[in-house]
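Q: Sharing a structure below in structure tokens format, with a few things to ask.
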Amino acid sequence: MAPRKDFEDKATVPIQPVPGKRGYEFGGPLGAFVFIFGLSTLIYCLTFLCNDVSGCPVPSLLNPSTLSLDKLKEEAGWPQEGLKAFFDVRVTVWVLSYYVLSLVLYVFLPGEVVEGTELACKGRLRYKFNALPSAILILGGLALGTYMHGADFVVWTFLWDNYVQIITANLIICVVLAIFVYARSFSIPAPGQPNPELRELAPGGHSGNALYDFFIGRELNPRVQLPIPFVDEASRTIDINVWCEMRPGLLGWIILNLSNIARQYRTYGYITNSIVLSTVFQTFYVLDALYMEPAVLTTMDVIMDGFGYMLSFGHLVWVPFIYNIQTRYLAVFPLELRLREILLILAVTGAGYAIFRGANNQKNRFRRDPSDPRMMHIKYIQTSSGSKLMISGWWGLARHINYLGDWLMSWSYSLPTGIAGYTIIESINSSGDMQKQAIQTPEVRGWGMIFTYFFLVYFGALLIHREGRDEEKCKSKYGTDWERYTSIVRSRIIPGIY
């Protein structure tokens, strides 16, 4: 266990500065309303409209002239109890148990304690990082259960059979957490008051409109301290934003992928290379993020964005239940890839990872220690604010070159699904039993890509939006120095194109 460290020098208590302010984003209050209700509805729609009952997409969507609500509900597998069936107390308790397990591992496993970037009040928060060993322990337990019980291991069957109820449980948790953090943000010290806990309002989160501020997040880096006296301060202090970003959602994404593999095996008696490939790439991305966990401290989510419904929903609901759509599709439609298709996917992924990790490592090393021998070849602009802007290496190619790598890697999640689309047909097997089979017909071929490539389109749009926010922030921070920088590094994300 790491030695106990205080979060601030007792001799000097930071004073709360006047918080910065930013204009509306995401369409302001109206956009916040649409996002809050629209995105959760979208997740349920994607789940029901690409299924193992009638097909992906459901047949009625391809025949709008004969579309009826009753037929659509039948093909989507809509429960007879209606919305009431979306919630189950037992499922919610088990989902909460998963969160508690993740919290217990955070508190009691040893971890690295790292200081974050400097805050507006001139202090620095400290963070404990042990998400990787926590994930390894949980995945190890699942591996043991699978070894003993195979694809019928209770976790795998539970996740597939109660998928909608699990979405609802996570949605409830995300809403409750967002309400708690929003209400608690009103106890942040006023400007000019002592601020020993280093609590701050997020620049974009105190517009005065309650709905918008709830959505975007009022407090920057909200934290709670657990009443556990026999562990050090870092272990009992939970940074809600970082904890949610790096733990339940990310690992939940991979666990759902593994349950989809188990479902494919239970149904067909074998596992296809496509579902393995997609899962391996996604797992590698997650484990790499957990291994590089301290790098999260330099991301916009941590240094600029408040924690509100947007991040709570994104971390706990959107990531696990949108990002596993590809393997969920392949669990029903067992596609085998040819060698040349596999090589193409490997090439795209390798290029993306080289750009993503190389650029981020270079940025982190340069920020920590510009005199690092590995950084001696890097050219930079010295700004009037004291910061240095790299104009060579990866960051001389484009101002957000890491976003290009991130997006290229995301192709490897969707490409294994191919030209997606299937229909479920029923037939009688040799034993006289009714069986369902997923087949691809010319009528549905390609339409399934709306689902399996949705992540790719969404992620590209997200990165472009983030790049735009980065640009506005840097223009405001660096002024004429930023103009000089952009005249040297002209490309935004894709060198020579955008």
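Cβ coordinates come from backbone N, Cα and C, glycine included.
Copied straight from Swiss-Prot:
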TRANSMEM  30-50  transmembrane segment
TRANSMEM  91-111  transmembrane segment
TRANSMEM  136-156  transmembrane segment
TRANSMEM  163-183  transmembrane segment
CARBOHYD  Asn257  N-linked glycosylation site
TRANSMEM  275-295  transmembrane segment
TRANSMEM  302-322  transmembrane segment
TRANSMEM  339-359  transmembrane segment
BINDING   Lys363, Arg367, Trp395, Asn402, Tyr403, Asp470, Cys474, Lys475, Ser476, Lys477, Tyr478, Tyr485  NADP(+) binding site
CARBOHYD  Asn429  N-linked glycosylation site
TRANSMEM  444-464  transmembrane segment
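How about a rundown of where these features are and what they're close to?
A: Counting same-chain residues at least six beyond the ends of the transmembrane segment (91-111), those with a Cβ under 8 angstroms from any Cβ of the stretch are 1-2, 128-131, 133-134, 137-138, 158, 162, 165-166, 168-170, 172-173, 226, 228, 231, 234-236, 238, 243, 247-248, 251-252.
Beyond the ends of the transmembrane segment (163-183), by six or more residues, the same chain brings 40, 43-44, 47, 79, 85-88, 91-92, 95-96, 99, 213-214, 217-219, 222, 240, 244, 252, 307-309, 312-313, 315-317, 320-321 to within a C-beta distance below 8 angstroms of the stretch.
Sequence-distant neighbours of Asn257 (N-linked glycosylation site) (same chain, 6+ apart, CB under 8 A from its CB) are Ser278, Thr279, Gln282, Thr283, Asn324, Thr327. Following the DSSP three-state reduction, the secondary structure of Asn257 (N-linked glycosylation site) is helix.
Under 8 Å from some Cβ of the transmembrane segment (275-295) lie the Cβ atoms of residues 112, 114, 127, 129, 131-132, 135, 246, 250-251, 253-254, 257-258, 260-261, 264, 323-324, 326-327, 330-331, 334, 337, 342, 345, 349, 357, 360, 364, 409, 412-414, 416-417, all in the same chain and six or more residues away from its ends.
Outside the transmembrane segment (302-322) by six or more residues, the chain places 26, 35-36, 39-40, 43, 46-47, 116-117, 167, 170-171, 173-175, 177-178, 181-182, 185, 201-205, 213-222, 240-242, 244-245, 248-250, 252-253, 256, 296, 454-455, 458, 469, 473 with a CB less than 8 A from a CB of the stretch.
Secondary structure at Tyr478 (NADP(+) binding site), as computed by DSSP, is helix. Around the Cβ of Tyr478 (NADP(+) binding site), the number of neighbouring Cβ atoms within 10 Å comes to 19.
Long-range Cβ contacts of the transmembrane segment (444-464) within its own chain (Cβ-Cβ under 8 Å, at least 6 residues beyond either end) map to 46, 49-50, 55-57, 59, 61-62, 322-323, 325-326, 329, 333, 400, 403, 406-407, 410-411, 413-414, 417, 419-423, 493.
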Q: Which one, from the binding-site residues Trp395, Tyr403, has the smallest tally of other C-beta atoms lying within 10 Å of its C-beta?
A: Trp395
Q: By Cβ distance under 8 Å, which residues at least 6 away from the ends of the transmembrane segment (30-50) in the same chain are close to it?
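A: For the transmembrane segment (30-50), the sequence-distant neighbours (Cβ-Cβ under 8 Å, at least 6 residues beyond its ends) are 24, 56-58, 61, 76-78, 86, 163-164, 167, 171, 211-212, 214-216, 309-310, 313, 317-318, 321-322, 325, 328-329, 448, 451, 454.
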Q: At a C-beta cut-off of under 8 Å, are there same-chain residues at least 6 beyond the transmembrane segment (339-359) that contact it? List them, or none.
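A: Tertiary neighbours of the transmembrane segment (339-359) are 273, 277, 281, 288, 394-395, 401-402, 404-412, 415-416, 418.
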Q: Taking the Cβ of Ser476 (NADP(+) binding site) as the centre, how many other Cβ atoms fall within a 10 Å radius?
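A: The answer is 12 other Cβ atoms.
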Q: Could you tell me which three-state DSSP class Lys363 (NADP(+) binding site) falls into?
A: helix
